[in-house]
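Below is one structure, written out as structure tokens, with a few remarks after it.
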Amino acid sequence: MTPRLRGATTSTNLVPGGSGEEPPGTTRSYKSHPRDYAHDPHGPAHRLEEELSETPQSRDPAAGDPIRVLIVDDHALFRRGLEMVLDDEDGVEVVGQCGDGQEAVEQVSDLVPDVVLMDIRMPRRGGIEACTAIKDQVPSVKIVMLTISDEEEDLFEAIKAGATGYLLKDVSIDEVADVVRAVHDGQSFISPSMASKLITEFAAMAKRGDERQQQVPAPKLTDREMEVLRLVARGLGNREIAKELFISENTVKNHIRNILEKLQLHSRMEAVVYAVREKLLEIS
């Protein structure tokens, strides 16, 4: 079955294959990228210097800076269709396309994306292996797997590789744009059908136990941090947690940052694993 995203019009269906295919390994980058100033004899030097020194952390969509997105997929028409609809979204800019994971690894440092949308099954280098390599190069980048694979093993391997999100290609266009904004804001997202598989596996992990982890005393969290962790494990976002606990979203973010630092974790997903293993979350 041809994968596509729901919600696109006839002219923007994200359909792989067809005469518009580019060979695997094709990379497209755009004039908004800093390297283009270097080839423009009329471009002010100070603009080049500012662009090259820019980091994802320095950009603020609220201040008018768009979220830079890199699309990695071996189907050219899918990439182009996704680029078309994302570029219509406020505060989002597609800065490049790559036809496989190898090209993404080679280009990520130059394109400086904030968010990478990447397929799993690709020639030369798959998305999971590329995810690990990209995170090694640019730890701050957020990677969302956008794939047709609903296999549990792919989901678990993607999370272990550092992915912040996992989306199936039957999601709507609005969902993709919302997830791009959410992960850029520090949240995680998994397609609902995959999330249930993830929780089931975490429960099994908790039952099996990890002897090595059990030998290490669990760090002490405050009562409020424990409350926040339980709500994170239930899948609540920052806004929902704030409403539940009658606190501000900024306070929630501070608590989550403190939790991750104390537990030496890197993402909310890892916090869910911890909550299940330590039996902070009851799973029926």
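Count begins at 1; order follows the chain as displayed.
In case you wondered, yes, glycine gets a Cβ from its N, Cα and C as well.
Copied over from TrEMBL:
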{"type": "COMPBIAS", "residues": "33-50", "note": "compositional bias 'Basic and acidic residues'"}
{"type": "DOMAIN", "residues": "68-184", "note": "domain 'Response regulatory'"}
{"type": "DOMAIN", "residues": "214-279", "note": "domain 'HTH luxR-type'"}
{"type": "REGION", "residues": "1-65", "note": "region 'Disordered'"}
Structural state census, the domain 'Response regulatory' (68-184) (DSSP three-state): 56 helix, 27 strand, 34 coil
Tally of residues which DSSP labels helix, strand or coil - the domain 'HTH luxR-type' (214-279): 45 helix, 0 strand, 21 coil
